[in-house]
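For reference, the structure is listed below as structure tokens.
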Amino acid sequence: MKEILYRRSIQDTVRIKGIGLHSGKEVNLTAHPAPSGTGIVFEYRKGLEKASISAELSNVVDTSNATTLGDGIHKIQTVEHLLAAVYALGLTDLILEIDAVEVPIMDGSSLPFLQALESAGIIEYPEIVEPIYIQSPLWVVDGDKYLVLLPSDELKVTYTIDFNHPLLKGQSITVSLDREKIKQEILPARTFGFLKDVEALQARGLAMGGSLDNAIVLTQDGYLNQQLRFENECVRHKILDLFGDISIAGRPIIGHYLASKAGHALDISMAKLVMSNVTGDEISKYKSRRIPLFKRKAVVV
């Protein structure tokens with residue numbers, strides 16, 4: 001029997017402080033509880049400037065190097081690591097107040113966000129979230145890059161990265177996942193980059209907050225970092241990005257993801273493809289017959 005999922009928020013307000021990857025400047029992020037049905041909403045507050053941007057597919061304005069949400073005037077960059085933690089906790093309703101245009105990079109993974117949000121406590125609402133179960137294959141392709149979604153009653157990912165580097169040539173992983181496994185096996189994986197690219201970006205005034213404290217940095221033939229959290233940490237981080245991006249659909253999308261050299265653009269394209277078919281014959285929703293017959297109140301979990 002498939003798991004019944006309910007809308008969730010946090011119990012208490014929690015504050016998170018870090019630096020922006022590109023600006024190198026301090027960022028203050030405050031997560032607030034929100035009523036059921038609110039969704040995940042970023043509230044930008046900087047002096048007299050204010051903006052409210054929901055984490056929705058229609059608000060994705062850029063997928064180059066990171067995922068950016070915007071309203072046509074304001075933007076919030078690098079949302080995927082935070083949203084991956086939100087996804088793993090099953091949170092559906094949050095106000096995320098931020099005083100900068102990019103989410104803090106923290107240690108380059110989702111772990112600090114996970115720990116902060118968990119420390120605030122989780123409350124579960126009586127309203128049900130309906131996962132989407134794929135009945136026929138879906139795919140998005142860009143040259144030699146692809147992301148395929150196959151029918152499966154469990155969440156599963158097969159991911160391959162293939163960089164021109166001896167340690168990242170054909171690095172691959174297949175994992176079956178649930179919320180707890182995502183927390184333990186995916187969210188601690190840090191972002192990665194190549195030393196030559198970091199130096200070029202910093203020469204242009206970008207990646208000013210990048211360091212060995214918040215990224216895996218690869219030299220021509222090895223790692224600058226002394227220790228990895230996983231032997232295949234880089235490909236695991238790509239799965240982290242995938243979940244952060246797919247979460248913007250607003251409902252869990254269950255299936256077997258097959259990815260090769262994919263990234264934010266294909267992740268978002270897949271989420272849009274799924275949601276465009278959500279009322280069609282290709283998609284099976286979580287049917288109402290699985291809703292309990294008794295009335296359920298909000299509970300702390």
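Cβ from N, Cα, C; glycine included.
Zn(2+) binding, as stated in Swiss-Prot, involves His237, Asp241; the candidate among His32, His74, His81 given for that site is His81. Note: Asp241 (Zn(2+) binding site) has non-local neighbours Thr67, Glu80, His81, Ala84, Gly263, His264, Asp267, i.e. same-chain residues 6+ apart with C-beta under 8 A of its own C-beta.
Report note: the Zn(2+) site is defined by His81, His237, Asp241, and the residues of the same chain whose CB lies within 8 Å of the CB centroid of those residues, excluding them, are Glu80, Ala84, Ser109, Ser110, Ala189, Thr191, Lys238, Leu240, Gly244. Within the same chain, residues at least six positions away from His237 (Zn(2+) binding site) with a Cβ under 8 Å of its Cβ are Ser109, Ala189, Arg190, Thr191, Phe192, Ile216. Of all the recorded positions listed (His81, His264), His264 has the fewest other CB atoms within 10 A of its CB. In the three-state DSSP reading, His264 (active site, proton donor) counts as helix.
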